[in-house]
Amino acid sequence: MPDRTRRTRRDQRDQRDRQNQQEQNRQDQQDQQGGQKRNARRSRRSRRPAAPRVMAQVAMVMNLDKCIGCHTCSVTCKQTWTNRAGTEYAWFNNVETRPGQGYPRRYEDQDTWRGGWQLKHGRLVPRGGGRARRLARLFANPELPTLDDYYQPWTYDYDNLLSAPLGEDVPTAPPRSLVDGRPTAVTGGPNWDDDLGGGPDALAGDPVLSRIGTQVRLSYEQTFMFHLPRICEHCLNPSCVAVCPSGALYKRVEDGIVLVDQDRCRGWRMCVSGCPYKKVYFNHRTGKAEKCTLCYPRIEAGEPTVCSETCVGRLRYLGVLLYDPDKVGEAASVPDERDLYAAQLDCFLDPHDPAVARAAEESGIPHDWVTAARDSPVRKLICDYRVALPLHPEYRTMPMVWYVPPLSPVVDALTADGFDGEEPAALFGAIDTLRIPLEYLAELFTAGDTGPVEAALCRLAAMRAHMRRVNLREPRDPALARGVGMDEDGIEAMYRLLALAKYEERYVVPTGYSHSGPAGAAAEAGCSLEADGGPGMYPQGPPDADAFHAPLGAPLGGPPPGAVPPQPAPATDPTGRSLRGRVNLLDWNGEGRPDGLFPRRRESGGKDA
Amino acid sequence: MTHHLHIALWGVLPYLVLAVLAGGTAWRYRYDRFGFTTRSSQLHESRLLRIGGPLFHYALFLVAGGHVMGLLVPEWLTERLSVHEPLYHAVALTVGGTAGIAAVAGLAVLLYRRLRVPAVRRGTSRSDRLVHPLLALVLLAGLTATFSSSVSAHHPYDYRLGVSVWFRSLFTLDPDTAAMAHAPLVYRVHALPAMALFAAWPFSRLVHALTAPLGYLTRPYLVYRSRARTTPYRHPAAPLERRPPR
C-alpha cells in the first residue's frame, strides 16, 4: 500500500513536470510572438484543442549500403571538434565495423553501462536510476567507462629519431602516452577491430551478436560485415539530458540539437553513462562533458554538418522533421520494445497536411522550416519510403539519426553462391532465407523485430530489380513495386534520392532562427562551447555572424590552440592593435582604392596619424 | 604582544577569511564560471575512487553536521533537552570519531591514488597541491581534538564552553578571542588551517561543493532551451556584441 501511494505521488510529480515543461515551452512560443503576445494567447486558448503542438528537429539518415568505411567523416569531425588536449580519445563521429564490439568497447551492453531508459511499473525512468540514486552516486559513478574502455591515447616520441646518439641501430620513435607522457605499450586504439580485425575472439564480444545465439554466430562470421558510422543521436527523449544533475545538457527548442552548456557543466559525468550510445565524452583536462553538436554553427547557417559535407560515399542525408512533442513521452513508454519503432513514426507529423503547417507556424516555426520539412530527404526516407530505421530504439531515447539497412551483404552472399544478385525472385528469396543478417540487423534497428527490416530490404531489392529493367530497357513489372507497397513513380523517386541526389537534395537545411525574443537575440546568446580549451574558442571573443560567414579568407589571429576557426575581419589587426579606421591589408582584394588604404594626412587626420 | 596576536588570529583573521571566501566566490563565479567543476579523474582510475570518493564525501557530510551541532547549538539548549554533557560527549565521540576516521581513511585512499596513478598525478593542479595537504592537516587535527578530550580522562576540555562560544561570538561581531586563546593547542591547530582552507576555497576545485546539484531533485527530466536563452552567462570581459545590421 505505501508503495502504491508513493507511486501515485511520483506519477503526479511527473505529470506536473510535464505540464511545467509544456507551460515553459508555451511561454517560449508566446515570447516569440513579441508584440502580439496578448492576441496570440487569446487565439491559442480558443484553438488549442484542435492544433497539436509542433516542434522541429534536424535529423540525419545514413544509407549503410554506401558506406565503405573510409573514416573520412571521423577524421574531419576530429579535426574540427576534438583535436585538443583532453579530448584525444573522443570521436564525436566514429565508424565501427559490424559485427564488432564498437566504440567504446561493448557500449551496447546496457546491463553493464545502464544507459538509456527503462520502464519501471509502467513509468519511464533512466536505466541508471532516478534522481535520488543519481545524486547518491555523485562521488563515484559506478557505470562510468574508463579510458581503457575507449583506448589510451598515445603519440610517438619523434624527437628520438633526430636526437638519438650515433649507434649501430636505426633509432625508433617509441610510443608515449598522451595522458601522462610516459612510455606506453599500445594495446588498443580507434577502430582496433576495423574490418573484423581481431577475428572471432574480438567478435565474441559483440553484445548484439551474443543476443542472437551461438550456432548463428559461427555461420554469420562467414557471411558478411558492414560499417556503421555513428554520431550523437540528438534524441527526442534524451537520457543524457535527464541524468545531468546540474541541468547543463539541454535540447534546443528550435532544431532539437542536444548541447552541453559548458558554463553550467560541473563534471558530475552522469551523462557519459546515461547515454546508451556513449556519445557524451568527458574532457579530462577541462573536467567538462563534450558531445557531438551536429555542427550547429553550420546548421544555423544552413550548411550540412562536417561529417555529411565530407562523406565520400555521399551516404548522409540531413533534413527537418516535424513532430508532436506531447506524444514523445507516451511513445517512449510503450510496453513492448518492438513497438517503439512504430510509436516513434507515429510522433512525426506530415508537413503537407495544412492543419500541421498551420499548427507549426502557430508554434513559432518559421515558414521556411515548414517548407524544408516538406522537401526533407530524411522525412521521405523515414516516413514515405520507410526504408530508414532508428538505431537501437529499445533504449527508449527516440533517436533521430536513422539508417537505411544494408542490402549489399545479401546481394554479395547471393552472387558468391553463383546466383544473379539483382534477379527479383532470388533476391526476395535470399532476404527471406538469410535469416542471420536479418536477425542481426533487427537487433540493431528494431529491437529484434525482423518485420520492418525485411520490408525495408525488400523495398531496396525491388528498387534494384526495377531499375535494372529500366536500364536494360526490359519490360517493367508493376507487380514488383506493388509487392512492396509502392508504385513505379515512388520507386524511381526513391532511386533518385538514394542514388543520384545532388548536394542540395541530400541536405535540406533551413537557416537558423531564434524561438524567443527579436531576431538577432540568438547572435548575442553566443556559443555554449566557447571556453578555454573548448572548441569554437575565439581569441578575441565571438565574431558577429555576418563577418563569420563572409566569403573572404580572413586571417588567423592569436595563438593556435588546436582548432581556431577563421577570424572575421576585426576592428583590430592580428596582433591586437586597433586599425583606427584603416584597411587590414590582408583583407584587401587588391582592387580599387578603399577609404583607409593609406594613412590620413597629418593636417586632416589630426592626432590620429 | 600575545594579546595582540590572539586578537589578530581569532578576532580579525576570521573576518578576513570570510571576506575572501565570499568575495572570491563571487569573483570566480563572475569571471570563471567555466572553472566551476569537480575536475574528476574517474576517467583515468575508477577502482580506488569508487572506494575513496564516497567514503570521504559521505564522512564529510557527517563531520559537517557534527560541526553544526557542536558549534552552533549552545550547551544550555542541550541541557534543557536533558541531554547532559557526558551523554552528549559520548555520542559526539562515537559518531564524530567514526566519521572522522572514515573521512581520513577516504582522503588517504584518494591521496594515495593521486600520488601513485600517473594519469591522475599528471592531472593535479597547483591549487590541488595546496588544498590536499591543508585538508589532511585539518582532518587529522580535528580527529586528534576529538579523541584527545576523551583520553585526558579527568578534566576533559569542553569545547562547547570554549571554541563554540568564540565561534558564535564571531556572528555577533564581538569576537570572544579569549575563549579561543585558552583552548588547547590542538583546537587552534585545527582552526587555523581550516581558515586557510576556507580562504583557498574559491580559488581551488573546492568550489564544486558550492554547486551541489540539489535542484535536480525537483527539476523535470528533460531540459529544453531556446537559442535566445542558450547562454545566460556572458563573461564580463567579453566585448559587447554589435547587433548585425538588418
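Using N, Cα and C of the backbone, Cβ positions are placed for all residues, glycine too.
Under the heading transmembrane segment, TrEMBL lists B:6-27 (among others). Listed as Cβ neighbours of the transmembrane segment (B:6-27) (distance under 8 Å, sequence separation of 6 or more from its ends, same chain) are residues 166, 170, 175, 177-178, 180-181, 188, 192, 195-196, 198-199, 201-203, 207, 210.
Feature annotation from TrEMBL assigns domain 'NarG-like' to B:7-227.
If you look up TrEMBL, you'll see B:48-68 (among others) marked as transmembrane segment.
As annotated by TrEMBL, heme b binding site applies to B:HIS57, B:HIS67, B:HIS190, B:HIS208. Within 10 Å of the C-beta of B:HIS190 (heme b binding site) we count 22 further C-beta atoms, all protein chains included.
The transmembrane segment annotation in TrEMBL covers B:88-112 (among others). Long-range contacts of the transmembrane segment (B:88-112) within the same chain, counting only residues at least 6 positions beyond its ends with a Cβ under 8 Å from a Cβ of the stretch, are 48-49, 51-60, 62-63, 66, 69-70, 78, 132, 135-136, 139-140, 142-143, 146-147, 149-150, 156, 158, 160.
Same-chain residues lying 6+ beyond the ends of the transmembrane segment (B:133-153) with a Cβ under 8 Å from its Cβ atoms: 63, 89, 92-93, 96-97, 100-101, 103-104, 107, 111, 159, 184, 186-187, 189-190, 193-194, 196-197, 200. What TrEMBL records for B:133-153 (among others) is transmembrane segment.
Taken from TrEMBL, the feature transmembrane segment applies to B:194-217 (among others).
Same-chain residues lying 6+ beyond the ends of the transmembrane segment (B:48-68) with a Cβ under 8 Å from its Cβ atoms: 41-42, 92, 95-96, 98-100, 102-103, 105-110, 112-113, 117, 142. Counting other C-beta atoms within 10 Å of each candidate's C-beta, the binding-site residues B:HIS57, B:HIS67, B:HIS208 are led by B:HIS208.
Note: B:HIS57, B:HIS208, taken in sequence order from the binding-site residues B:HIS57, B:HIS67, B:HIS190, B:HIS208, have a C-beta within a distance under 8 Å of a chain A C-beta. Spanning the listed heme b site, residues B:HIS57, B:HIS67, B:HIS190, B:HIS208 have a farthest Cα to Cα distance of 23 Å. Summed and averaged per residue, pLDDT over the domain 'NarG-like' (B:7-227) gives 93.
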